[in-house]
């Protein structure tokens, strides 16, 4: 397959990054302008939202409109009858999260149903996101199927394992095709200490698992669609990148400050050195302009700056993509899947 023909089809993987993930929409806009479309999509945390919107049929301009029309302060859904700081501390101690996460799930339900209307149900499930006649598997494991257009990462900290959704939900006695996409997103976006974990009951053994943000175990699952050798479709990775030397989260004076410091470090202080050359060549690295991943009070002006940064980074990526992809293909000739499931 000549990837630089008019038929530009690729798989896409989106890193976690909280609210900063909307920078990906700007990069997607550039790729769409160059004629790219997406076959399989995957994401973690904030990246799971972008991946799900694309899988449902949204384009970059529509995602930009969602970004502009959404009041992200609503994500901070707390009991308004309580004094905020006291409530935050109580929720953190008693419920392992400051915010309920209910608004996030309801918001995603609404957005998904705009594109995928079903007269007999009010939820979008993974059955609605099946690629017809796709027989391929992921990770050389027949459990994981390429027929699902969307795959999301979550972390089961009770069992100590990464969850690849929807397939891994079968281990809990649930049919992957019946699993709600919005619940998978809610799991993937359960930023530790900020959002309550999802307590999910195993329908087989009746035990409950505590499920949190996929970024705890795999914040950038660019490996997910890899095959041994050269793939039919290349995978493009979308990753946030900032000036690591300037991060200063301020003084740590209490439990909430401590919690915020952990989460910000998880999302913002990861180094590029662990990215292998084979992945570096296919990664669009977007300057996140040192915005805070969990700043749900972010202004529309700041969101638009992130969007523009995504556009700029994707244009720079395109300039070198042909030579980078040629080098990537050489590296892939003797490539074997590194991840075991």
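Each Cβ is built from the backbone N, Cα and C atoms, and glycine gets one as well.
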Query raised in the report: Under TrEMBL, which of the candidate ranges 33-37, 38-42, 43-47, 48-52 is annotated motif 'GXSXG'?
Result: 43-47
**Report entry** Alpha-carbon spacing, residue 213 (active site, proton acceptor) to residue 45 (active site, nucleophile), which is rounded to whole Å
**Finding:** 6
Report task. Sort residue 45 (active site, nucleophile) into helix, strand or coil using the DSSP assignment. Result -> coil
